[in-house]
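A.B. asks: Shown below is the structure under consideration.
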Amino acid sequence: MSFYAFLGAIEQGLVYGIMALGVYITFRILDFPDLSVDGTFPLGASVAAVLIVHDINPYLSTIIAFFAGVVAGVITGILNTKLKILNLLSGILVMIALYSVNIRIMGQPNTSLLGYDTIFTPIEAFFGAERYMISPVVFLVVVIFLVIAMTWFFHTDIGLGMRGTGDNPKMVRAQGINHNFMVLLGLAFSNGLVALSGALVAQSQGSADVNMGIGTIVAGLASVILGEAFLDARTVFRGVLAVVLGSVVYRFAIAVALSFRVGSFQLNPSDLNLITAIIVTSALVSPGIKKVFKSRL
Amino acid sequence: MIELKNVTKIFNRGTINENVAIKGLSLKIDQYDFITVIGSNGAGKSTLLNLISGNLTPEYGEIFINDKNVTNLPVYVRASFIGQVFQDPLSGTAASLTIEENLAIALKRGKKRGLGLGVKRTDREFFKEQLSKLGLGLENRLKDRVGLLSGGQRQAVTLLMATLVKPEILLLDEHTAALDPKTAAKIIELTEYFVDEYKLTVLMVTHNMRQALSLGNRTIMMHEGEIILDVRSPERDTLQVKDLLEMFARVRGEELVDDKLLLA
């Protein structure tokens with residue numbers, strides 16, 4: 001693997017790691033399989049891209065994109081908690097609705113950011129460094145901030161309530177916690193992060209596309225599961241760290257698989273979904289493999 | 001003081017499975033009452049507890065806690081008055097959270113939850129002191145996840161959590177039924193200790209008639225959604241299990257046929 005591909009995998013692992021952190025909140029903390037992220041990821045990208053094209057400050061645009069995700073998450077939450085629609089279906093409804101919404105926002109299926117200032121432009125100018133060096137560092141800073149913030153949040157009273165809600169809603173209600181509100185709050189936060197990830201990806205690759213969200217949930221889940229296979233998530237901090245680690249490992253595994261060559265046979269980018277399925281499957285069975293090895297020793 | 005006025009609960013109303021679980025029931029629970037509730041399966045014991053806790057809302061009638069009408073308040077609002085221990089020892093605690101985190105959630109019952117740290121250093125000392133009362137050595141395992149504990153240990157922690165903030169009423173729904181006899185005896189011992197220590201008002205459902213008579217100061221017997229017997233100390237003190245059975249037969253004009261009640 002070239003140095004360029006190596007940096008690329010780290011960069012992608014980190015920026016999609018932000019999305020994976022959002023997926024971690026819904027899937028692991030809240031036990032809510034939220035599929036709306038396939039729509040909120042491009043939502044964040046679309047909102048940020050359109051605002052940037054309209055000469056809004058890229059940092060402000062990115063923050064607004066985060067809140068667009070928050071709103072989408074709240075809608076999923078309302079469908080589930082107030083209208084009593086099954087959690088899986090609530091997410092799917094928001095996901096498909098967002099497909100149309102995203103095209104409305106952009107007025108077209110995609111928006112190019114070529115030639116516009118992004119959040120990277122001032123940093124590049126300040127350090128006088130190239131983009132491929134700058135963006136991994138920027139993403140790393142954001143990820144470190146999020147890991148610290150999430151670890152702190154999940155140890156506060158509200159954070160404990162949210163973790164309890166996913167674990168044992170009956171107990172949480174009996175202890176005076178409005179569990180529906182916790183679900184709403186978690187979905188808002190989660191989808192905000194996913195939209196933020198979308199906004200950053202759009203700016204780093206130079207365009208937003210309505211189809212860029214396809215498979216977001218699978219990549220997010222793959223990261224969560226891979227991370228747990230590598231790092232035993234006993235504490236919240238380790239759990240959150242595992243997600244980021246999993247996301248980076250996932251991107252590396254894809255990069256390695258794509259450079260894989262036997263004779264004249266080579267894998268294509270179109271084989272990505274198959275590769276992902278194989279990676280997730282092997283991560284899922286890995287604890288079993290470890291056990292077999294241990295019992296033989 | 002808790003008061004139920006003419007409460008009726010109907011399940012599957014308007015369908016072929018319609019079932020009147022509680023029929024115009026009125027009950028006044030005085031402060032410091034420790035009431036044991038007995039009755040055969042389907043008598044409405046658990047439904048009664050669920051109506052008080054807010055898991056269920058009645059079709060008719062009203063429920064008051066300290067003269068406040070709570071009939072339509074959701075569970076999490078009523079929780080500030082109520083401590084609960086369930087039959088399933090796993091349902092009162094969150095397995096993936098540590099012992100201290102579970103206790104921290106319980107310590108905030110009825111209080112506002114914000115973005116302050118859930119488990120503070122000062123809380124830890126308090127939790128240790130409280131856990132040592134259980135006599136299970138859990139005071140040295142604050143950072144262990146609750147999922148690592150046995151069912152009996154978890155039920156003991158649940159009991160502690162239900163009383164950590166003094167409730168207006170403690171609802172115990174056959175909270176020893178799923179435990180082995182030795183652990184069940186330990187939980188009963190702890191229950192008596194906490195009730196005595198904090199001067200609690202208790203409503204306890206049990207299938208064990210001997211236990212029903214030996215614990216607390218008042219026993220009510222339910223049948224088909226109604227209270228058919230309500231005895232207090234001192235009249236209750238001389239009662240035997242066979243007296244209860246006779247009373248049941250006299251009131252209903254039928255034999256009590258429930259193995260679980262007779263064998264217990």
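Cβ atoms are placed via backbone N, Cα and C, with glycine included.
Below are the features I grabbed from TrEMBL:
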type: TRANSMEM; residues: A:6-27; note: transmembrane segment
type: TRANSMEM; residues: A:59-79; note: transmembrane segment
type: TRANSMEM; residues: A:86-105; note: transmembrane segment
type: TRANSMEM; residues: A:132-154; note: transmembrane segment
type: TRANSMEM; residues: A:181-202; note: transmembrane segment
type: TRANSMEM; residues: A:214-233; note: transmembrane segment
type: TRANSMEM; residues: A:240-260; note: transmembrane segment
type: TRANSMEM; residues: A:272-289; note: transmembrane segment
A.B. asks: For the transmembrane segment (A:86-105), find every same-chain residue at least 6 residues outside the stretch whose CB is under 8 Å from a CB in it, and list them.
C.D. replies: 32-40, 42-43, 46-47, 50, 72, 75-77, 79-80, 210
A.B. asks: Output the single range from A:6-27, A:132-154, A:240-260 maximising the number of Cβ pairs under 8 Å to the transmembrane segment (A:214-233).
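C.D. replies: The stretch with the most close Cβ contacts to the transmembrane segment (A:214-233) is A:240-260.
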A.B. asks: What stretch in A:6-27, A:132-154, A:240-260, A:272-289 has the biggest tally of Cβ pairs under 8 Å against the transmembrane segment (A:181-202)?
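C.D. replies: Answer, by Cβ pair count: A:6-27.
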A.B. asks: Would you kindly list the residues that approach the transmembrane segment (A:132-154) from elsewhere in its chain, counting only those six or more residues past its ends and only Cβ-Cβ distances under 8 Å?
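C.D. replies: That would be 4, 7-8, 10-11, 14-15, 17-18, 21, 25, 29, 119-120, 123-124, 160, 162-163, 193, 200, 204, 236-237, 240-241, 244.
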